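Here is the structure we will look at.
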Amino acid sequence: MSFKVSRQTYAELMGPTTGDRIRLADTELMIEIEKDFTTYGEEVKFGGGKVIRDGMGQSQHNHDQVMDTVITNAVIIDHWGIVKADVGLKNGRIAEIGKAGNPDIQPNVTMSIGAATEIIAGENMILTAGGIDSHIHFISPQQAEDAMMNGITTMLGGGTGPAAGTAATTCTPGPWHIHSMLRASDGMVMNTGFYGKGNVSLPTPLEEQILAGACGLKLHEDWGSTYAAIDNCLAVADKYDVQVAVHTDTINEGGYLENTIAAMKDRTIHTFHTEGAGGGHAPDIIAVVGQENVLPSSTNPTRPYTINTLDEHLDMLMVCHHLHANIPEDLAFAESRIRKETIAAEDILQDMGAISMMSSDSQAMGRIGEVVLRTWQTAHKMKIQRGTLQEDTSKNDNFRVKRYIAKYTINPAITHGISHALGSVEVGKYADLVLWRPAFFGVKPSVILKGGMIAASLMGDPNASIPTPQPVHYRYMFGGYGGGIKTSCFTFVSQAALAAGLVDQLKLDKNLIEVKNTRNLRKKDMIHNSATPKMEVDPETYEVRADGQLLTCGAEDVLPMAQRYFLF
């Protein structure tokens, strides 16, 4: 006998279904469910008097035939779609996206629930892949906690702590420092990978860093991003299949943008803070978004362009790059990097999909706990200033949402050779997942999973009789303690380092995963973010044009996902 319920009642009980729409936080972004993998009337839900009980939604199958964990009735937002489904986890990986239940008595079951299965309630929750921040200055280990509590589960970058070199550049220089940081990060509740220093004109100093365990190389102007250094670094990267990230020459001392592009010789490279306020050829580094071999990213202090953006940048820059306000040349260096015209254009290039990634520049002109938040603030600003994208409809912003979520998930994963392991909600990948209440999407996650274990969560008073009494704040859970870190977190290193016996040499607890397939990438491989417009930058007015069109927008004075959610 069937029973008919209203859409509202169904959504309250089982979460939204096909055609239902959800507002993301307090933004103007709306998503619409494209497909529901569950079966009406056969949904699984845990609780007293609910479906997942012995002989009902729970089967008699043994451990090897059932999921370790099922996230029920969740709304998945990923680059490939916006759908509702049950998500099954097995041995720390995503094993199935579909319909969970008891196949002995229920139809359309694609994953079994048994006595060995834990349930995470995903009803009226949004599920995303853990974020990847590929521009980390490892200045303080406490960054990892702030990153995770905004949905970041992987940190790629360089540094050795609060040293002058680390505060300015994302490099972990030399084998001793690389080994030291691999050991030190072994207890961090975070996936990590370290870039070696790429600024040298001969190959052997780079090769020894890759063999020591660097997952990539970083070129930074403060170490000298010369033609010879860029050329040499890319040649070594091609040999060992690791990515190169570059911060180019702001003052055009060793060459201009055209010289840097020539040094690249059409080889794949990741350009950091491509707009230029974070550094790079002044004023036209932003033009590299038109190059097929360049995989460009933004850092979050310029995201999005607001009435406060310019004012805060000068002091940040002086501190981070060891400059002195009483030296005129230092002040001129700083002021040359901060241009409202290129920052405004950056908003639009992000929305066009010409800038492919988002990152933080943590504690070095960027905020590690705001990568996800700033991404969606930018998407909101562009929605209200530029309107609906032509790929979307008046009913939803699904394509725009897929474009923006790819910027901090799948695209940095592809760029840095880790998309075989992480970066999306897809079968076979490690279960680094984040659950959000829609009203808090992008601002404050509810649960963060690492490798299939709950690593962090909002949690109330541990002495209370239930989990919810105040004070409710973020705390590490069991996946963030003891041996849980070993199974739930990973360290990314070069293939050459693994082949050379790094595992036996350092005896790290975390699993080491190789980076691969980084050197044949092109801009077209950046999902939903592959535009290569013809770029022009006026050297006098700093006006930016893409395919002949002037790119400009106003500075916003009010943003969502801001004071409504935070006391401080």
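Placed from the backbone N, Cα and C atoms, the Cβ positions cover glycine too.
Cross-referencing Asp351, Asp361, Asp392, Asp397 against the Ni(2+) 1 binding annotation in Swiss-Prot, which names His135, His137, Lys218, picks out Asp361. According to Swiss-Prot, Lys218, His273 bind Ni(2+) 2; the candidate from His179, His247 that the record adds to this site is His247. In this structure the C-alpha atoms belonging to His135 (Ni(2+) 1 binding site) and His273 (Ni(2+) 2 binding site) are separated by 9 Å. Between the CA atoms of His273 (Ni(2+) 2 binding site) and His137 (Ni(2+) 1 binding site) there is a gap of 13 Å, rounded to the nearest whole number. Asp361 (Ni(2+) 1 binding site) and His247 (Ni(2+) 2 binding site) have their C-alpha atoms 12 Å apart, to the nearest angstrom. For the pair formed by His247 (Ni(2+) 2 binding site) and Lys218 (Ni(2+) 1 binding site), distance between Cα atoms is given as 8 Å, rounded to the nearest Å.
Of the recorded residues, His321 (active site, proton donor) and His137 (Ni(2+) 1 binding site) place their C-alpha atoms 13 Å from one another. In the three-state DSSP assignment, the secondary structure recorded for His321 (active site, proton donor) is coil.
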